[in-house]
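Noted in TrEMBL for the protein shown:
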| type | residues | note |
| --- | --- | --- |
| REGION | 34-59 | region 'Disordered' |
| COMPBIAS | 43-53 | compositional bias 'Acidic residues' |
| REPEAT | 253-295 | repeat 'WD' |
| DOMAIN | 290-421 | domain 'EIPR1-like beta-propeller' |
| REPEAT | 296-338 | repeat 'WD' |
| REPEAT | 389-431 | repeat 'WD' |
Amino acid sequence: MISAVTWVPKGASKISPVVAEPPSKDEIEEILKTGALRRSGDSDEDEQVDMDVDDSKDADEVAHALATAEALSKDQGDKGSHFQDIADGLRELDMDHYDDEDDGIELFSTGLGDVYYPSNDMDPYLQNKDDNNDDEEIEDMTIKPTDAVIVCARNEDEVSHLEVWIFEESEDGDSNMYVHHDIILPAFPLCTAWLDCNLKSGDKGNFIAVGSMEPAIEIWDLDLIDEVQPFLVLGGVSKKKKKGKKTSVKYKKGSHRDSVLGLAWNKEVRNVLASASADKTVKIWDVVSGKCAVTVEHHRDKVQAVAWNQHSPEVLLSGSFDQSIVMMDMRSSNQVSNEWCVTADVESLAWDPHSEHSFVVSLENGTVQGFDVRASLDTDSSSKPSFTLHAHDKAVSSVSYNPAAPNFLATGSTDKMVKLWDLSNNQPSCVASQNPKAGAIFSIAFSDDSPFLLAIGGSKGRLEVWDTLSDLGVGGRFGKYSNRTIDPPPTD
């Protein structure tokens, strides 16, 4: 299954990602010193003794067989020629010196003499003289600035990992999509957030934060291939102790105490990451220092989602299973700016990128509600939604605003459907719907670079990308916001 999909902005990835360095000599020696790779009870001395015993035993068996064969050949006379052949064979094998190197034997000789060719072009036995395979491999590993990159959080056969996909667009409408590399994760991933705050040096980086069933948040460098450790871990367990049937857990300072259900990176204050957890808290992290700066405890149940306002980067929304949404100005995080009640558990929420006052929230009962924060100025209507949309038959697990076209919203549901909506005038109408054959939908996301491409992930574990502009309804209503040429609808 795919639990989360995230687009990486074009040009953010290194053209040639670097293969991670293996552990250093000092690190390997430290591992060996600790005995982590040695089975209990093993020792170098015991191993050496065992080897000596085995070698002497083998030598004695060969000598015994040779002596027996010679004795039998003498006793049998002419009839003992068979045993004499055995004795001669054993002498020829010379088992005592069997492992000694013999420079006179060329194990890989052709038997006709080896010939040296000054260049590969002159060697008639070489097939790929131009190293075409190497060139193709280098080309496959290259990420062009025009390539779209999608990161999927996946769990399959009890193995959790991130998959970094390349999506290549073409002018004729055909596309090519393949996995560039993957990253093995230690725990079931639940949410992701891409961030460009460089945790190493320089201006920008290419990182992804991963929330999982564990209380730690892992941040991975997407420009490293074959990496086995996250670049940074925020929070997590520092120590576990067993006392009889009970296990006591000690957490790192500032850590969540339960699964991390939602993540949001602040694009304006680039070192800031917000997290939502099943421990009922929201935390604000400084990813440069690796420390928790603020912990907010305004909810009474699991916090499912968080989102920063793009127009006012200090404003944060959080949605919870306590059927409430809280808006906070993080400059004074101890005070709730606004709170709204909804009719079911919150699944996801998103700010409208085209309006600083509006947001939508999707719920477990299949509805989507829109809110305008300016309505909170009127006390009587502070909890009243701008609209309520019965969007799906089951939980609406994910929503995504189109970054280019105002009032264009996508919704994904565990009813296996993805729907596209026009929210103009707070009167939602369905523009298009599709069953992408991805199973129950868990995550959808529009691309910022190609705003009409919608990435879809679900229970079947197959990444889908829907070119929504190919739908006639979408093209007719929102095509003017695209820089692509749209084919006119066919006429009868």
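For all residues, glycine too, the Cβ spot is worked out from N, Cα and C.
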* **Per-region confidence, the repeat 'WD' (389-431) (mean pLDDT, whole number)** => 97
* Pull the DSSP breakdown for the repeat 'WD' (389-431) and write it out as helix, strand, coil residue counts. => 3 helix, 22 strand, 18 coil
* Asked: Quick one: DSSP breakdown of the repeat 'WD' (253-295) into helix, strand and coil?
  -> 0 helix, 22 strand, 21 coil
